[in-house]
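Per Swiss-Prot, these features apply:
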REGION    1-20  region 'Disordered'
SITE      W11  site 'Essential for Tat translocation through the endosomal membrane'
BINDING   C22, H33, C34, C37  Zn(2+) 1 binding site
REGION    22-37  region 'Cysteine-rich'
BINDING   C25, C27, C30  Zn(2+) 2 binding site
MOD_RES   K28  N6-acetyllysine
REGION    38-48  region 'Core'
REGION    47-101  region 'Disordered'
MOD_RES   K50  N6-acetyllysine
MOD_RES   K51  N6-acetyllysine
MOD_RES   R52  asymmetric dimethylarginine
MOD_RES   R53  asymmetric dimethylarginine
Amino acid sequence: MEPVDPRLEPWKHPGSQPKTACTTCYCKKCCFHCQVCFTKKALGISYGRKKRRQRRRAPEDSQTHQVSLPKQPAPQFRGDPTGPKESKKKVERETETHPVD
């Protein structure tokens with residue numbers, strides 16, 4: 001083994017980097033090109049930021065999908081169907097007719 005210059009950083013040692021540059025190709029040869037290519041391409045591990053996927057936009061002429069959707073029925077409310085105002089009036093009438101002494 002050849003002696004390595006101690007002043008060189010470990011990533012700049014001879015033989016630490018491949019002679020050819022990394023590519024975006026995913027063939028077997030390129031996947032095993034170097035350790036970085038192996039982890040990114042062969043194993044699929046990347047620690048960078050995840051890109052946001054854009055939502056697919058519907059073509060402009062496809063407006064029929066909106067028309068074919070059935071309308072939902074109005075929500076059914078539980079409790080007194082007359083509403084809170086009328087129920088208060090009923091309570092007031094009952095208290096007027098039956099005063100508590």
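Using the three backbone atoms N, Cα and C, a Cβ is placed for every residue, glycine included.
The residues near the Zn(2+) 2 site, meaning same-chain residues not in C25, C27, C30 whose C-beta sits within 8 angstroms of the mean position of the site's C-beta atoms, are T23, Y26, K28, K29, C31, H33, K41, in sequence order. The residues near the Zn(2+) 1 site, meaning same-chain residues not in C22, H33, C34, C37 whose C-beta sits within 8 angstroms of the mean position of the site's C-beta atoms, are P18, T23, C30, F32, Q35, V36, F38, K41, in sequence order.
The Cα atom of C37 (Zn(2+) 1 binding site) lies nearest to that of C30, taking the recorded positions C25, C27, C30, K51, R53 as the candidates. Between the alpha carbons (Cα) of R52 (asymmetric dimethylarginine) and C25 (Zn(2+) 2 binding site) lies a span of roughly 23 Å.
Closest to C22 (Zn(2+) 1 binding site) in space, going by CA atoms and restricting to the recorded positions K28, C30, K51, R53, is C30. Packing around K51 (N6-acetyllysine) is summarised by its Cβ count: 6 other Cβ atoms lie within 10 angstroms of its Cβ, all protein chains included. If you average pLDDT over the region 'Cysteine-rich' (22-37) in this model, you get 89.
Considering other CB atoms within 10 Å as the measure, the emptiest surroundings among the binding-site residues C27, C30 are those of C27.
Between the recorded positions K28, H33, R52, R53, H33 has the most other Cβ atoms inside 10 Å of its own Cβ, all protein chains included.
In the three-state DSSP reading, C22 (Zn(2+) 1 binding site) counts as coil. Ranking the binding-site residues C22, C25, C34, C37 by C-beta neighbours within 10 Å puts C37 at the top.
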